[in-house]
Every structure is written in structure tokens, then in C-alpha cells.
Amino acid sequence: MMIRSHRHWVFSSRIIIFLSLLVHSLASSSPHFCRDDQRDALLEFRGEFPINASWHIMNQWRGPWNKSTDCCLWNGVTCNDKSGQVISLDIPNTFLNNYLKTNSSLFKLQYLRHLDLTNCNLYGEIPSSLGNLSHLTLVNLYFNKFVGEIPASIGNLNQLRHLILANNVLTGEIPSSLGNLSRLVNLELFSNRLVGKIPDSIGDLKQLRNLSLASNNLIGEIPSSLGNLSNLVHLVLTHNQLVGEVPASIGNLIELRVMSFENNSLSGNIPISFANLTKLSIFVLSSNNFTSTFPFDMSIFHNLEYFDVSYNSFSGPFPKSLLLIPSLESIYLQENQFTGPIEFANTSSSTKLQDLILGRNRLHGPIPESISRLLNLEELDISHNNFTGAIPPTISKLVNLLHLDLSKNNLEGEVPACLWRLNTMVLSHNSFSSFENTSQEEALIEELDLNSNSFQGPIPYMICKLSSLGFLDLSNNLFSGSIPSCIRNFSGSIKELNLGDNNFSGTLPDIFSKATELVSLDVSHNQLEGKFPKSLINCKALELVNVESNKIKDIFPSWLESLPSLHVLNLRSNKFYGPLYHRHASIGFQSLRIIDISHNNFSGTLPPYYFSNWKDMTTLTEEMDQYMTEFWRYADSYYHEMEMVNKGVDMSFERIRRDFRAIDFSGNKINGNIPESLGYLKELRVLNLSGNAFTSVIPRFLANLTKLETLDISRNKLSGQIPQDLAALSFLSYMNFSHNLLQGPVPRGTQFQRQKCSSFLDNPGLYGLEDICRDTGALNPTSQLPEDLSEAEENMFNWVAAAIAYGPGVLCGLVIGHFYTSHNHEWFTEKFGRKQHKALTSVKCSL
């Protein structure tokens, strides 16, 4: 919505400029008398740039630029009808593709008033010579590639009314000389890389109506001198690094229609002087550090259309007076500390209000039946509060409602049938238990999130009618029965499918042949049997597969190697069997980052080159986001932490970094040597090969894994010495060599000395453990432990379920589990953040 408002004021300023140019053009009527010096200057100017198609198109429109025609008739050129002097050059979108030279012939046009070079692909610095064109009233260099500082000489243009330098790559400080432009009406410097403070001299521009300095790197406080701009209509300072309190003088700007300070570090209270800004239609203070309550009755802003104070620390009761503003269309109050119940009985905004976003506050009580008064409501978000009771039946009167998010409350009862007509329904983390019966034949939901409720029985048949479904999360419920094959009805559109943590039985239907958009599939923690669906080979967009903790009985799906984007594969705790390696499978998992196939019945050996093509574990690719991320039309992005921000899904643990790499082959029957190619995986953080039958010595190439943090090779048949080279792995915080046939000295080194004595148990020939085992009193920990204690040790690294943040609700799971039940849970907490100690064997994430 903020983007929409931003475009609104940009569009308004463009209209002002367009009308100004139109009036000027109409005033310059025939006859035209082009002066030779003006014509020659224009031709020389054109000669400074390569000829290209855009010039050709321009010439066809109003005639060619050449000596045989009147230059006053040339495209983009306007002359004074008396003197023949060129007074306007308006050639946007001509893609000049060159520098604007300091000695350009453009600067011979001394009587130029209007200069519009919008989107001409100009680069280099803005020539200081521009300041010599003293008649200029408009300079528009919008959307080019100009670099360097804004020339101070522009401050000499005392006739200038419009200065538009936005969307370039300008650096340096805003020159204080701009304060000399006493006739300036429009100043647009947004979307550059300007630094420093906003100069006080900007407050001298008494005629200014539009000031946009958004999306730069400006620092310091908002100067109080801006309060002198009594004609200002638009004030946009978003996306900078401004600090301190907003000066009370801003309340002097009584003509202000648009005020946006979004995404800075402003703090303190809202000045009480803001009560003077009664003409505001757009009021945005979001993503700052404002505190306290609103110091005035909000209904005084009787022209307000868009109100956004989200992502601050405002407190106090829900500001009901906002609902008395008849023109209000959007209210964004999420991520604050508002308290109390909400009520809509006394509202004047029932016919206008479209967006009501109240998520992540401290609101409580029932959802009022008076919600039905908001007849035009399209989006309602009251997630992450303490609302109780049932969804009121009056919600059926909101016939325009498209997006509903009630997640993370204490709501209960049945889901009204009318909600199937929505586009987005997010009801996760409540206590809903059933669905109202409906005869509805059609449903248009694209995003449906019912996770973490108390639903039971078979999947609602209405889900089978969602032919456009893109996101479905039914996880953490009590659904039972078979997974219906009718999910093929939306297989062509589904991207995220999470049915994990239910009681589904039967087979996983092999119905994914048309699921070419599928990104994430999670059916973990059910009772599914049978084969692994081979139709997944058609899902070329697939990034995550999690079938953990089922009863699937099949051979290893090596054909998944062909999926170009598969990052996470979790087959843990099933009945998979047979060898991992097939001689016809030669591609390798090139994109795999996390694999967990532990606690199955895999057997056989791995050839030395088995990991040779696992490229994503060898080198990191440059990625924009730090965390695995997915974007949805209705939901915000989900990196930084794996919780829903707008209309998505919550998770129990925090995000996982994109650079995390892990392999867990533990609890199988794999034998032979540890493959040599494992040493190529230099980005690997976790390696668990425990509980197999690997033989020979511990390979020295493991010392090549310089980012390794966890190494568990316990409960194998490894012999020989522990390589001294492993002591050089400075990130290695946990290792386990117990229950092997190792001998010789334990390497000296800080990482080894910090391990627990149990990490070396049952290796009869090991010695040098005096310092490590001093606290236990077992200086020679080589005897076989009782079976139950041994089992506890070997399960220490069942590290399943570290999550993967794929986007507006993707499903994930993988890499956590028994870290939290063992002495090493501190390591996991440090890496992934603290939340409730709620999932001991797995973690649910919705990407």
C-alpha cells in the first residue's frame, strides 16, 4: 500500500509538470523562425550521441533533425515564437547512451527553460555547466545513471521551479546552495545514494510544494527549518537513516496532504502539533521507534485515506477514533503494543475502509459482531493477538473480503462456510475444530493455512474444489484417513504443500506429474506407507522434500538428482532400503544443501566419487537473501525469522541461513570406506555418519572441511588413529568418535580438549584422555557401556529438522531434534536462535 501512495504523489507531480509543458507548448504557436545558431547547437548535441532506433522513431514522428527543416518543428523542440530561441528540449526515453559532456552543445541553448532528459541512459557526472542556463525553470534528469555529487552550481538557477534528479546513482551531500532556489516548487532527489544531513537551507524554499528525499542514506535529525515550508503538500523522507524526534515545527505545514517518514530510526512521541495537519490524506510513520500513545483524537484528520504507523512501539487502547474518519481506506497498526478490545459499532468508515491490519499487538476479547459494518473490507489481519471465542456469523456480510488472517490467537469453534469464498484464509495456531456445512460449489482460495489447530477426521471436501490453490498447510492437526487423490485438482498451481504432523495413513498419492510449480512438499510425521511417488520427477521447481517419520518402504529415490533446485531432502525414520548408489545415477545432487536419510535400512558401499557433483556443498553461490526465502503476492518475505509477517505461516524455531550445509546418513547399514569425495564438500557444517558399518581408518581429508561444526562418526568399525589434522578445524565444536576400534593418542588441540569424555567411549586402544575425562573420574573410558546409555549417546546427533525459509509460507523441517535433548543443545540455540523448547524431535516451518 505504501508503494501505491508513493506512486500517487509521484504521479501528481508529473501531472503538474505535464500541464506546465502543455501550456507552454500551446503558447508557442506558428510561425516558427529557427535561428541558425540554435539549429546548429541542436545538431551538434545530437552528434554527441550514437545514432540508434529511438532517434529514428523520434524523427518519423514530427520530421527529421536536419538543416533543411525548421528546428522549431523538430520533435521535442519548442521555440520562442518571436525570437526563435529554443526554450524547451523535451526528449525523454531516447536512450542517448553516453556522457553529458561539460562542454556539450546543449549549453549553447542559453534561453532554455525546460530540459527533460528522462530515461535517456545518460551516465557520468552532471556537468556543472548546467548551472549556466540561467533561464531554466524545469530540469528533469529522472531515471538515468548519473553519478557523483549534485553540482552546487544548480543553486544559481534562480528561475528554477522543478528539479528532478531522482532514480540515479548520485552521491555526496545535498548542496546547501539549493536553498537559493527561491521559486522552486518541486524537488525530487529520491532513489539515489545521497549522504549527510538534510541542509537547513531547504527550509528557505518557501514556494516548495513537493519534497521527496526518499531512499537515500541521509542521517541526522529532521531539520526544524522544514516547518517554514508553509506551501508544502508532499513531504516524503522514507527509507533513510534519520534519527531523533520529529520537530514540532512540522505541525506548521497545514497544506500537507502526504507525509511519510517510513523506515528510519525516528523516536519519541508524535508531536501534538500534528493536530494541525488536518488536510493529510496519507499519514505514514511505519518502521521507526516511536513510542507512547496518540496525543489527540484521530478523527480530526477528516481527509485521511491511508494511515500506517506499523512496526513501532505505540501503546495504549486501540485508537477507535480512526474509525470515525469517513474517507479512510487503509489502517496499518501491526507490530505495536496496542491493547484492549476492538469495536466497530460507532464507525463512519464503513463504506470506505478496505484494509484493517492490526496484527502483532496485545488486543484481546471476542471478534465483535459489529465487524459486519465494514462493508467494503477486503483485507483483515488481527493475527498474533489474544482474541478469543468463535468467528462471529456476521462476518458473512463482508462480501468484499478477500484476505483474512486470524492466526496466533485463541479462537475456537467451527470455520464459517462463507470463508471458502476468500482468496487467502490463514487460521493457523488457534483451536478451531470443525467446518460449517456448506453447499457451496465453488471456492477460489489461493492460500489456505490451517496449521496448528484441532481439526480431525478426513480432509474437508471443499479443499478438492480449490483449483487455483498455491499454498496449503494442514500440518499439526489431527486429520486422518488417506490423502485424497483429488489434490491433483490443484497440482498445476500448488507451490507449497504441508500435510505434516497429522494421522494420515495409506499411501502418498502418485499425482504430481503436473505439479511443475511445486516448491515444497512436507508430509512428515504421519503413518504413510507404500512407495515414494515417482511423479515428483516432474517437479522441476522443487526445493524441499520432507517425508520424515512415516512407514514408506522403497529404494533410495536417486532419480531426484535430476531436480535442478532441490535443496533439502529428508527421508529420516522410514523403511527405505537398499544401496544409495546406482551405477546409472551419475548426475549427483548438484543443488542439495541439507540431506537427512537417517534411521532407515540403507546398505551397501559408497564409491569414492559419490559426492563429486554435489556442487552446492562445495561452493556458495551469491544470493540476495541471507536466509532461504520465498515471496507471495499477499504475504511478506520470510527471511530474518520464520514467522508470518502479513498473511503467511508461523514456525517454532527461527530461520536457517542459506549457507547452512548438512549431511546425516546415521542409523543405517552403510559399509566400506568413507568416500574420498566427501573431502570436496568444503561448505559442510554438519556431518553425521554414526551408526553404520564404515570400516578402515578415519580419512585425513576430513580436515579439508574447514567450516565443519559437527562431526559424528560414532558406532562404526573405524580403526587406526584419529588424524591430528582434525585439531586444526577451528569451527568444530562437537565431535563423537565413540564405539569404534580406534587406537593411539587423542589429538592435542583446543577443540578436542573441550569435548566430553563420552565422545571417545569404547575405543580400547585410545589414550591421552586424562584432561578430557578428569571430571568424570574415568581416565580410561574404553569399556562397553550398558545398552540403554550407549543408545542415548548414539542418538545425541539425530539433528533432524533445522528449517528452511522458503517463502510466503513454504513448509520446512530439518536439522534440530536431539540437540535439545542432549548436552549439546546450547550449540544449536546459538546457531538458530531461542524459541519455546517445544519440538524435541522436529521443527515445523512454513516457508
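Quick reminder: no glycine exception, Cβ is built from N, Cα and C everywhere.
Annotation comment: Swiss-Prot describes Asn52 (among others) as N-linked glycosylation site.
Residues annotated as N-linked glycosylation site in Swiss-Prot: Asn66 (among others). Residue environment of Asn66 (N-linked glycosylation site) contains 12 other Cβ atoms, counted within 10 Å of its Cβ in all protein chains.
Sequence-distant neighbours of Asn103 (N-linked glycosylation site) (same chain, 6+ apart, CB under 8 A from its CB) are Ser129. Summarising the annotation, Swiss-Prot assigns N-linked glycosylation site to Asn103 (among others) and lists sequence analysis as the type of evidence.
The N-linked glycosylation site annotation in Swiss-Prot covers Asn132 (among others) and is backed by sequence analysis. Taken residue by residue with DSSP, Asn132 (N-linked glycosylation site) is part of a helix. For Asn132 (N-linked glycosylation site), the count of additional Cβ atoms within 10 Å of its Cβ stands at 13 [all protein chains shown].
Asn180 (N-linked glycosylation site) falls within a helical segment according to DSSP. Residues or ranges marked as N-linked glycosylation site in Swiss-Prot (evidence: sequence analysis): Asn180 (among others).
Asn210 (N-linked glycosylation site) falls within a strand segment according to DSSP. Taking the Cβ of Asn210 (N-linked glycosylation site) as centre and 10 Å as the limit, one finds 23 other Cβ atoms among all the protein chains shown. Residues or ranges marked as N-linked glycosylation site in Swiss-Prot: Asn210 (among others).
The N-linked glycosylation site annotation in Swiss-Prot covers Asn263 (among others) and rests on sequence analysis. Taking Cβ-Cβ distances under 8 Å and a sequence gap of 6 or more within the same chain, the neighbours of Asn263 (N-linked glycosylation site) are Thr238, His239, Asn240, Ser286, Ser287, Asn288.
If you look up Swiss-Prot, you'll see Asn289 (among others) marked as N-linked glycosylation site, on the strength of sequence analysis. Taking Cβ-Cβ distances under 8 Å and a sequence separation of 6 or more, the neighbours of Asn289 (N-linked glycosylation site) in its chain are Ser265, Leu266, Ser267, Asn312, Ser313. In the three-state DSSP reading, Asn289 (N-linked glycosylation site) counts as strand.
The DSSP secondary structure for Asn346 (N-linked glycosylation site) is coil. The N-linked glycosylation site annotation in Swiss-Prot covers Asn346 (among others) and rests on sequence analysis.
The feature N-linked glycosylation site is assigned by Swiss-Prot to Asn489 (among others). Around the Cβ of Asn489 (N-linked glycosylation site), a 10 Å sphere holds 18 further Cβ atoms from the protein chains shown.
Secondary structure at Asn503 (N-linked glycosylation site), as computed by DSSP, is strand. Sequence annotations record features per position, and here Swiss-Prot assigns N-linked glycosylation site to Asn503 (among others) based on sequence analysis.
Neighbour density for Asn736 (N-linked glycosylation site): within 10 A of its CB lie 25 other CB atoms from the protein chains shown. Look at Swiss-Prot and you will find Asn736 (among others) tagged as N-linked glycosylation site.
Annotation comment: Swiss-Prot describes 158-181 as repeat 'LRR 3', evidence class sequence analysis.
The feature repeat 'LRR 4' is assigned by Swiss-Prot to 183-205. The average per-residue pLDDT of the prediction over the repeat 'LRR 4' (183-205) is 98, rounded to a whole number.
For 206-229, the entry in Swiss-Prot reads repeat 'LRR 5', with the evidence type sequence analysis. Counting same-chain residues at least six beyond the ends of the repeat 'LRR 5' (206-229), those with a Cβ under 8 angstroms from any Cβ of the stretch are 6, 9-10, 12-13, 161, 166, 174, 182-200, 235-253, 255, 260-261, 266.
Under the heading repeat 'LRR 11', Swiss-Prot lists 351-374, citing sequence analysis as support.
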Close in space, distant in sequence - Asn180 (N-linked glycosylation site), Cβ under 8 Å, 6 or more apart: Gly155, Asn156, Asn158, Ser201, Asp204
Among Asn346, Asn503, the one of these glycosylation sites whose Cβ has the fewest neighbouring Cβ atoms within 10 Å: Asn346
Top Cβ-contact partner of the repeat 'LRR 15' (443-466) among 351-374, 400-422, 563-587 (pairs under 8 Å): 400-422
DSSP helix/strand/coil residue counts for the repeat 'LRR 23' (682-704): 5 helix, 6 strand, 12 coil
Closest-packing stretch to the repeat 'LRR 13' (400-422), where packing means Cβ pairs under 8 Å, from 183-205, 351-374, 541-562, 682-704: 351-374
Collapsed DSSP category at Asn489 (N-linked glycosylation site): helix
Alpha-carbon spacing, Asn210 (N-linked glycosylation site) to Asn132 (N-linked glycosylation site), which is rounded to whole Å: 25
Length of the line joining the Cα atoms of Asn66 (N-linked glycosylation site) and Asn346 (N-linked glycosylation site), in Å: 70
